[in-house]
């Protein structure tokens with residue numbers, strides 16, 4: 001590849017006399033590559049959500065010593081791995097062809113999913129094997145930083161919001177199909193079938209992870225055969241890819257390094273942290289909450305929450321379509337503010353109220369123990385006598401009003417509107433604030449901030465929920481959302497595109 005002249009500060013544009021056919025071919029190749037990034041984001045989302053609703057019952061089945069607090073660590077392990085990997089893969093993508101970090105990360109991801117399918121095999125410490133497998137799945141998912149930086153660099157300012165919305169829609173589609181696939185595979189049952197020669201139990205818990213591994217193989221083939229390096233400036237003109245040599249990076253760094261609004265960058269990372277923290281709380285607590293409040297069994301919780309999350313995903317896709325039009329009419333920042341306000345309403349509705357209390361699980365435990373003593377039998381984990389309701393160990397169950405199903409569904413609906421709007425506006429605003437600078441490392445930090453949120457949120461909510469109950473947990477989330485609204489309002493005037501800030505484009 002030809003080198004840029006370090007003294008030349010003009011982007012390397014295509015020859016004006018290039019044939020129309022060549023331009024069209026280049027544009028087609030660029031959008032094919034962007035669609036591969038959409039698919040990669042989709043599979044990353046599927047890889048996370050395809051097991052999220054069965055994580056808790058699977059953990060209980062393989063290791064009876066695991067409690068709800070440890071579930072928080074297992075869910076957090078994914079995001080911790082992603083937080084560590086994102087800056088690494090982002091830096092790698094700024095210096096080398098993006099195929100390299102993408103193929104490496106996807107291979108790690110699919111290997112970790114196979115590991116997850118075998119965590120029942122060791123004789124002891126099964127819960128820690130699950131923890132490690134989820135950490136490695138998350139490490140592989142650090143490639144979303146590469147995906148976002150590629151899409152940001154391969155689209156013009158005008159194309160950016162639509163491209164980011166499309167990418168978020170693919171992510172939402174992954175959130176739909178992941179739980180939907182898990183719900184479909186739940187009919188295999190907890191026992192399933194055993195493949196003796198590879199010591200594999202193919203059941204409702206292991207089959208989703210194996211399916212995610214198979215999809216990872218398809219993703220690697222697409223990255224190797226379809227993905228090409230493309231980059232355009234804010235006006236959509238093709239410029240030379242910059243992730244090969246340090247000389248190329250030097251050409252643009254003097255123009256952009258000191259002119260990026262770092263306050264806007266830090267604020268965007270903080271807001272993204274809050275958005276991801278809120279949603280991580282929601283997805284972590286869904287299964288334990290419904291099992292406690294509605295006395296659902298493990299299988300019912302996996303099936304019903306899978307259906308609910310699937311519906312939320314469908315709703316999110318519609319929201320992305322509306323967000324595209326709304327951002328063009330009123331701008332990105334008002335949409336972001338509206339999304340936060342809707343999320344606040346969703347969690348406020350979820351606060352417990354009334355005089356109806358949840359069913360206490362100790363009654364079931366007592367009855368089952370009596371039946372066990374009379375029959376001399378041991379109650380199997382998947383028995384029809386499986387204890388249901390709010391565990392008596394959680395003392396708040398005895399004095400905290402139950403959350404009604406209508407509250408839960410209404411909250412799901414509102415969060416399903418607010419979260420996708422905030423999510424896509426976070427990416428869009430951030431990429432516009434950064435401007436023409438290579439965004440691999442910056443996107444790595446944004447992804448790391450989101451992963452940090454998804455690491456802390458499950459730990460936070462599992463402990464607060466277990467010890468203090470849903471009233472405290474959701475009240476604290478409401479306070480956090482109010483803080484985010486205040487922060488966004490205070491720096492509202494600084495969250496503008498790089499080219500707008502420097503007078504090159506009118507907002």
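Keep in mind that glycine also has a Cβ here, set from the backbone N, Cα and C atoms.
All TrEMBL annotations are machine predictions without curation.
What TrEMBL says about this protein:
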| type | residues | note |
| --- | --- | --- |
| REGION | 1-26 | region 'Disordered' |
| COMPBIAS | 17-26 | compositional bias 'Acidic residues' |
| DOMAIN | 33-501 | domain 'Major facilitator superfamily (MFS) profile' |
| TRANSMEM | 36-58 | transmembrane segment |
| TRANSMEM | 70-90 | transmembrane segment |
| TRANSMEM | 102-119 | transmembrane segment |
| TRANSMEM | 131-151 | transmembrane segment |
| TRANSMEM | 172-189 | transmembrane segment |
| TRANSMEM | 209-227 | transmembrane segment |
| TRANSMEM | 263-282 | transmembrane segment |
| TRANSMEM | 302-323 | transmembrane segment |
| TRANSMEM | 335-354 | transmembrane segment |
| TRANSMEM | 472-492 | transmembrane segment |
If one takes Cβ-Cβ under 8 Å and requires six or more residues beyond its ends, the residues near the transmembrane segment (172-189) are 41-54, 202-204, 207-208, 211, 299, 302-303, 305-307, 309-310, 312-314, 316-317, 320, 420
Averaged over the domain 'Major facilitator superfamily (MFS) profile' (33-501), the pLDDT of the predicted model comes to 83
Could you tell me whether the transmembrane segment (335-354) and the transmembrane segment (102-119) have 3+ CB pairs under 8 A, leaving out pairs under 6 positions apart?
no
Long-range CB partners for the transmembrane segment (209-227) (under 8 A, at least six residues beyond its ends), listed in sequence order, are 32-33, 36-37, 39-40, 43, 46-47, 50-51, 98-99, 102-103, 106-107, 109-111, 113-114, 116-117, 181, 185, 202
